[in-house]
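A.B. asks: Pasting in a structure now, in structure tokens, and then I'll have a few things to ask.
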Amino acid sequence: MAFWPVLLEALITLVHIITDRILEFALGWYLGPHKRVATISSVDQQVILTKSAVELATAIRAGKLKSYDIVKAYCERIDIVNRELNAVVDGPFDTEALEEARKIDERLASGQYTDEELLALPFLGVPFTTKDSTSVAGKLLTLGLLARKDMRSKEDAECVRLMKKSGAIIIATSNVPEVNKWIESRNMLIGGTNNPYDLRRSVGGSSGGEGALITACCTGFGLGTDIGGSIRIPAFNCGVFGHKPTSGAINMAGCTFRTGKELNTMVCAGPMARFATDLRPIMKVLVEPSLQNVLQLDKKVDVKQLRYFYVPSLGMRQCNPINQETERVMYNVRKHLEQLSGQEVHLAKLPETQLTGKMWRYWMTQEPASFNHLLGNGVQLNPFVELFKKLLGKSEYSMAAIYSLIDSLLPKENEKLIRSATKKCKAALQELLGENGVLIFHSSPRTAPFHYYPLFKFLDFSYFSLFNVLGLPATQVPMGLDSQGMPLGIQVVSNHNNDRLCLAVAEELERAFGGWVAPFPLKSK
């Protein structure tokens, strides 16, 4: 390789490292000392709150736990820790949720459910939450906008309806950035949501409130949506599992005003949970009936027989370099999978990934909804006017939202170039993976940053958004904590409609490496 390109790469890396450390020092000083979310108050509560959703459902049906006690424990936990997290927009809905739970317990105790009914109610009595931008009948639907602070949904989003139909009980809705378009969950309506592992740090976005509630044991599981990493970024930052399904696998009706009839969209709804073993059962509830046989979620996957690949870097100069602790995660996963399968995890090189940021930016302009129109709640906004108002302290919008307004005025991406790059990258990855291949991919070059960091450096999210552009399924897997006590992680990616491969490998990595690590000390039982 020629001298000057190597020198340029070295200088860019050095600039990234220096600016990252300056931001970490300055923001750490500004935000004050480290503090974690409060621990669970008693061993009895801990036993309930740290179970998986599947374990809770099983215990309810077997009469070992009452849905009423579970719902009560989660609602009380929200009341205790939301003052620190600032994650809840509406709720907890304790009165109605407890009444629903009481009726379930009574029917179970008196044997009123038939075996057929119980089969159709896999999450009977289990509490769940969803993000504020996903409609829940009768509850607030603000999208983080002051103009919508009192607006309520008339009906459930399809994914919420399906979860309720499966017996699950909604207990709260959670915080999002304005209209979901930012990688921190902050708005001018309720402010920013804090990371349970370090309250000074970001939970990510846009399903950041969900990430915080799930890892802090405030809900059995959550529903997120993902258009550029919006499930996986919060799952990564908050140390939980999150799955972005194959594009089109789940009906989006009622999510951020979607009708469910949109074609060629990057957005997906999907599950978030503390345990990998919850993801597949939730997916089985959510997947479109016409795709149940296509996705074959019940088909057994032998992870020892899969072919494994990895990519060491996205190749985008605008992203931070991969740090050593993140590199170690990739190394450990590779070595485990090599031992498991008895074959090499192959190095893969995908074409055009250095254009990921540009690809995502272009394909966002092809989405059916206009960000400007949504942000203005039906009124077209002038970016310069909003910026001027912000400087005067008079704007109704966060600086991140104004960034996105300004972005709409910048030169557009080269359509021919981007469409060609997208096609080439997708074709190469799909050919590589085939029907039994899995790609191991970094989640981010570094762990969750301090609040406000993304206002200065934000393109690391491209490690997630690539798979929205390509429309392929990807599962975020927690992989322990770094030296600062923040969650590490890895992404598991498979081919179109092969979600079951991602989910099976996620379960294997959970078994091998431990999965979710509580953000507070667990009490001895």
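Each residue's number is its place along the chain shown, starting with 1.
Cβ atoms are placed via backbone N, Cα and C, with glycine included.
Automatic, uncurated: that is what TrEMBL annotation is.
Below are the features listed in TrEMBL for this protein:
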type: ACT_SITE; residues: K131; note: active site, charge relay system
type: ACT_SITE; residues: S206; note: active site, charge relay system
type: ACT_SITE; residues: S230; note: active site, acyl-ester intermediate
type: DOMAIN; residues: 69-503; note: domain 'Amidase'
A.B. asks: Could you tell me the C-alpha distance between K131 (active site, charge relay system) and S206 (active site, charge relay system) in angstrom, no decimals?
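C.D. replies: It is 9 Å, counting Cα to Cα.
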A.B. asks: Tell me which residues of the chain lie with their Cβ under 8 angstroms from that of S230 (active site, acyl-ester intermediate), as long as they are six or more apart in sequence?
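C.D. replies: The answer is N180, G205, S206, S207, G224.
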A.B. asks: Applying a 10 Å Cβ distance cut-off over all chains shown, what neighbour count does K131 (active site, charge relay system) have?
C.D. replies: 35
A.B. asks: Other than its own, how many Cβ atoms are within 10 Å of the Cβ belonging to S206 (active site, charge relay system)?
C.D. replies: 33
